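A.B. asks: Next up is a structure, given as structure tokens.
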Amino acid sequence: TLRVVFPNGLVHQIIFFFEQDLHVDDGDENTERGNWANKKEYILSMIGYAVGLGNIWRFPYLAYKNGGGAFLIPYFTMLVLTGIPLFFLESALGQFCSQGPINLWRAVPILQGVGVAMVMVTLIVSIYYNVIIAYSLYYMFASMQFPLPWSSCSSNSSCSDTPTGAHFTSYSLQTPSEQYWDRVALQRSSGLDETGPVVWHLALCLLLSSIIVAAALIRGIKSSGKVVYFTATFPYVVIVILLIRGVTLEGARDGIEFYIGSQSNLTKLTEAEVWKDAATQTFYSLSVGWGGVMTLASYNNFHNNVFKDSFVVSLTNAGTSVFAGFAIFSILGHMAHIYKMPVGEVVKEGFGLAFIAYPDALSKLPISPLWSILFFFMLLTVGLDSQFAGIEVITTCLLDAFPKLFKSKHALLTLTTSSILYLLGLPCVTRAGIYWVTLIDQFVASWVLLFLALLEVAGVAYIYGGNRFIKDIEMMLGKKTFAFWLWWRACWFFISPCIIVVILVWSVITFVPPTYGEVPYPPWGLALGWLMILFAKPTRKSSWMEQTEASVSSCFRCFYLHQKLTFKQFSTNHFE
């Protein structure tokens, strides 16, 4: 017990509890929360979290849509101006405070709701992300047969085994893979109004997904840190295998040139939409604003070089996006060659690329089940890494908020969280499930993240104090020169906030109500989407005494556990 007397006469008493828990080892620097077992586990977890499904299916489509290779210019520009600065900011915040997103924002009481909103967004997104993992599991199991079940049409007149360009302009005809996705995998209803029963094969895959995630996180970072050795590296093995196979196929060159080659359109750089797409893709692919970056960094040792780590993870993430595009478009080029149509007519975004166009292309290859199993197993591992971090955000915040209640019950907390997410995900595996998944993706995983990122950088730079934050980082990394910090000050104080504001305004001006294919959402569905945004908005400011207690406890923990200062040094250096 420590008794602190403030200059104004206020007496504050701090009581510390040190308990041994399953997720804390004897060698951990932070004996209260535990640390990563080693640097590799942290880096792999960060890469696994940042490299998600968006790198596989969103970036290649955006590159095709926005001028091919020319799109790399605005993409890497936005990575330097907004992506890396915000990723570095979040990583440094998490490492310095050793707290999850909610407790961390007690340093800026008026913005503590930002941390709550991050957890709410992560909770909602984790629901539909779990469903996407279930889709990948189902397709992986369905690939274990020859021929692949989507390689030919069933007995239905609205499907064609030999589509041409004209077929793609006619909504009455489907390819075999489209028919399988709609009628077999999803059993899709006509719209959000027609919910229908639960699709049980998807519900079972969703259950399996929840079990895998719970098992990997049963001991927190101590168990997930071991799992990522496989889940974070295996996707690269599959991408290399698919790329090698893809470039040997006839028509692959057309696909690659369409993606990033001689057909690049530099005139696209004059369009504001291209720069907006580049900036938003940077935010989404780095997972900025979700709280996961802060959470994973909070388990670092205090003097870890978070600056170097931020560059490694950010550049690895960007490189993965570009590299994956070659594997995707080489095989899509082969598909276009077989169907004798332009590559642009077989390219689809999101679910259409991952579960329609690419599976269709794989079905045309020799030994097609092998390539299909590898592809969907890659989607599974990529999705699991991101889901691990999402669950960890939720459980870490609960552990930090109620340490006495949950500290010795980490396994039970993880199982309970996974079970709740499974139950909340059941509406997304009904016959109208794909409409719910798309609705969440269009509303929660877009607008809210940009708004939270803006509040985050503005709160640190202008309210907490950018110069104070720089001193906090120097406490961890050592003294840096003024020239070193000049760039980061420019980004945090001006460049990054301005870019985010422009993107937000542009998104509002160009807003179009989302649809799934040609199916529009009913007015009540769109209203529900806006309500989800309001549900995740920053709320609540804690009382002054709550902030005082939390700040003193957090600061003392930071100085005492990490810096190993004596109480005399602590009182002199901090309270003055």
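Glycine too: its Cβ is placed from the backbone N, Cα and C atoms.
Take a look at what TrEMBL says about it:
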- 42-59: transmembrane segment (TRANSMEM)
- G48, A50, V51, N55, S285, N317, D385, S386: Na(+) binding site (BINDING)
- 71-89: transmembrane segment (TRANSMEM)
- 110-141: transmembrane segment (TRANSMEM)
- C153-C159: disulfide bond (DISULFID)
- 198-218: transmembrane segment (TRANSMEM)
- 227-244: transmembrane segment (TRANSMEM)
- 282-299: transmembrane segment (TRANSMEM)
- 311-332: transmembrane segment (TRANSMEM)
- 370-399: transmembrane segment (TRANSMEM)
- 411-437: transmembrane segment (TRANSMEM)
- 443-465: transmembrane segment (TRANSMEM)
- 486-509: transmembrane segment (TRANSMEM)
- 521-536: transmembrane segment (TRANSMEM)
A.B. asks: Could you tell me whether the transmembrane segment (486-509) and the transmembrane segment (443-465) have 3+ CB pairs under 8 A, leaving out pairs under 6 positions apart?
C.D. replies: yes
A.B. asks: How many other Cβ atoms sit within 10 Å of the Cβ of S386 (Na(+) binding site)?
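C.D. replies: Other Cβ atoms within 10 Å of S386 (Na(+) binding site): 23.
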A.B. asks: Would you call the transmembrane segment (370-399) and the transmembrane segment (521-536) in contact, using three or more Cβ pairs under 8 Å, pairs 6 or more apart in sequence?
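C.D. replies: Between the transmembrane segment (521-536) and the transmembrane segment (370-399), which are separate recorded stretches, there is no contact, as judged by 3 or more close Cβ pairs.
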A.B. asks: Are there at least 3 C-beta pairs under 8 angstroms linking the transmembrane segment (198-218) and the transmembrane segment (71-89), leaving out pairs fewer than 6 apart in sequence?
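C.D. replies: Contact between the transmembrane segment (198-218) and the transmembrane segment (71-89): absent, because fewer than 3 Cβ pairs are under 8 Å.
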A.B. asks: Write down the Cα-Cα distance for C159 (disulfide bond) and S386 (Na(+) binding site), rounded and given in Å.
C.D. replies: 36
A.B. asks: At a threshold of under 8 Å on Cβ distances, which of 42-59, 110-141, 198-218, 227-244, 282-299 pairs most often with the transmembrane segment (521-536)?
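C.D. replies: The stretch with the most close Cβ contacts to the transmembrane segment (521-536) is 110-141.
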A.B. asks: Calculate the distance in Å between the alpha carbons (Cα) of V51 (Na(+) binding site) and C153 (disulfide bond), and round it to a whole number.
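C.D. replies: V51 (Na(+) binding site) to C153 (disulfide bond), Cα-Cα distance: 34 Å.
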A.B. asks: What are the other residues, in sequence order, whose C-beta lies within 8 angstroms of the center of the C-beta atoms of G48, A50, V51, N55, S285, N317, D385, S386 at the Na(+) site?
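C.D. replies: The answer, listed by sequence position, is I47, Y49, G52, G54, S287, T320, V382.
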A.B. asks: Counting distance between Cα atoms, which of the binding-site residues G48, A50, N55, D385 is nearest C153 (disulfide bond)?
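C.D. replies: So, of the listed binding-site residues, the one sitting closest to C153 (disulfide bond) is N55.
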A.B. asks: Of the stretches 42-59, 110-141, 227-244, 282-299, which racks up the most C-beta pairs under 8 Å with the transmembrane segment (311-332)?
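C.D. replies: That would be 42-59.
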A.B. asks: In angstrom units, rounded to an integer, how far apart are the Cα atoms of S285 (Na(+) binding site) and C159 (disulfide bond)?
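C.D. replies: It is 35 Å, counting Cα to Cα.
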A.B. asks: For the transmembrane segment (42-59), name the stretch out of 110-141, 198-218, 227-244, 282-299 with the most CB-CB pairs under 8 Å.
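C.D. replies: Result: 282-299.
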A.B. asks: If one measures from the C-alpha of D385 (Na(+) binding site) to the C-alpha of C159 (disulfide bond), what distance in angstrom results, rounded to a whole number?
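C.D. replies: So the Cα of C159 (disulfide bond) lies 36 Å away from that of D385 (Na(+) binding site).
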A.B. asks: Six or more residues beyond either end and a Cβ under 8 Å away: which residues meet both conditions relative to the transmembrane segment (198-218)?
C.D. replies: 130-131, 133-135, 137-138, 141, 185-187, 224, 227, 384, 387-388, 391-392, 395, 410-411, 414-415, 418-419, 421-422, 425-426, 429-431, 433
A.B. asks: Rounded to an integer, what is the Cα-Cα distance in Å between N317 (Na(+) binding site) and C159 (disulfide bond)?
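C.D. replies: N317 (Na(+) binding site) and C159 (disulfide bond) have their Cα atoms 38 Å apart.
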